[in-house]
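Heads up: the structure comes next, in structure tokens.
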Amino acid sequence: MSALLRSSLRFKHMSAVNRLTQQLRLLTASAPLSAANTAGKAPFKVAVVGSGNWGTTVAKIVAENCTAHPELFEPEVRVWVREEKVNGKNLTDIFNAEHENVRYLPKIKLPHNLIAEPDLLKAVEGANIIVFNLPHQFLAGVCKQLKGHVNPKARAISCLKGLDVTPQGVYLLSDVIENETGLHCGVLSGANLATEIALEKYSETTVAYNRPKDFFGEGDVTNDVLKALFHRPYFHVRCVQDVAGVSIGGALKNVVALCAGFVEGKNWGDNAKAAIMRRGMLEMINFSKRFFPETDINTLTVESAGVADLITSCAGGRNFKVGRAFGKESGSGKTIQDVEKELLNGQSAQGVITCNEVHELLKNKNMQKDFPLFESTWGIIHGELKIDDLPEILYHAN
């Protein structure tokens, strides 16, 4: 890369941060000194809820940027860690003493300003940016605990990949957070294999955030603030406004990745996997049009949160690995849950949960025939179909 291009890219990112810094200086100079300003504190305090493989990776990024931008962020970042024992010791004690999440992100050193906190309410105390990053089956319980205990002017970002499906319909997880806690919520999603990012290998992500109705002007969270919070030299951020599109891409690609894993496990080759990915993208777009018509289809076909996430998830993500192992064990009597336990060190493949939820939604709406790949994936998981049935089913798809 030429020196001129490096300079241009650096300027593009830094201009947003510099613009923020200048705005905050003007705000501080023109407004009466608040207690925070008098104490010399930065305007944003950040907390992370969730400390699995991906949660810890994002917390690492956030902590690095809180150190890099002291004019914007308070240096200490608390991450909520569900307490458990590791070799007889509390995980949080090991985390804070060794600066490593030995359970879910071993051998990755974490910033010293990242503090593990087992008490959820203490972890988010005083925070005005809260990053949610935990398995989505635990989200409702966490939101109930937080309700009434967070600053109503705080903002949230969801890094979860899934949907909330009820008999009444389907909802974005960012909407669940907003409805349950009152926090205006955006999303972060993309072609983001956690281990690669933790090792600081180059990747991209997409952040979707819309200005809240109660936006209070200078000092509130904006896309520039979020870019400063998440962008790293190895983790490049693109900001868009399509919260629905980014959310759907992150959720449904997990179902497609399971199915791609099935055919990989059967050794059908790359052509077969590409066919699954193509059909999967079509059904992701169809799903978006049916249930979230506000989605910008370009998000799925252009952004990291769409096609790029689908590609990487079907090449090496945990859902793909679970699907591949299940495909190899086809006919052995092992369930998908057995495979999860063997492969994921106590964590879950979100695609299995999402697949079940999408099936229930399509069944309730009498739309099963319109989504043959999603439905076939569900049927294979539950033993109602064989992987060998896939080519014939997809051949007759619209």
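Each residue's number is its place along the chain shown, starting with 1.
The backbone N, Cα and C atoms fix where each Cβ goes, glycine too.
Same-chain residues at least 6 positions away in sequence with a Cβ under 8 Å from that of K253 (active site, proton acceptor) are, in sequence order, K161, G280, M284, D309, L310, S313, C314. Annotated active site, proton acceptor per Swiss-Prot: K253, in sequence order.
Classification of K161 (substrate binding site) by DSSP places it in coil, neither helical nor stranded. Marked as NAD(+) binding site by Swiss-Prot on the basis of similarity to another entry: G50, S51, G52, N53, W54, G55, F138, K161, A194, R318, Q350.
In the three-state DSSP scheme, N319 (substrate binding site) falls into the helix class. The feature substrate binding site is assigned by Swiss-Prot to K161, R318, N319, with similarity to another entry given as support.
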Same chain, 6+ residues apart, C-beta under 8 Å of the C-beta of A194 (NAD(+) binding site), given in sequence order: N53, W54, T56, T57, L105
Cβ-Cβ neighbours of W54 (NAD(+) binding site) (radius 10 Å): 25
Neighbours of K161, R318, N319 excl. site residues, C-beta within 8 Å of centre, substrate: N254, A257, S313, G317, F320, A349, Q350, G351
Cβ neighbours within the same chain of G52 (NAD(+) binding site) - under 8 Å, at least six residues apart: Y104, N133, L134, P135, Q347
Euclidean distance between Cα atoms of N319 (substrate binding site) and F138 (NAD(+) binding site), Å: 18
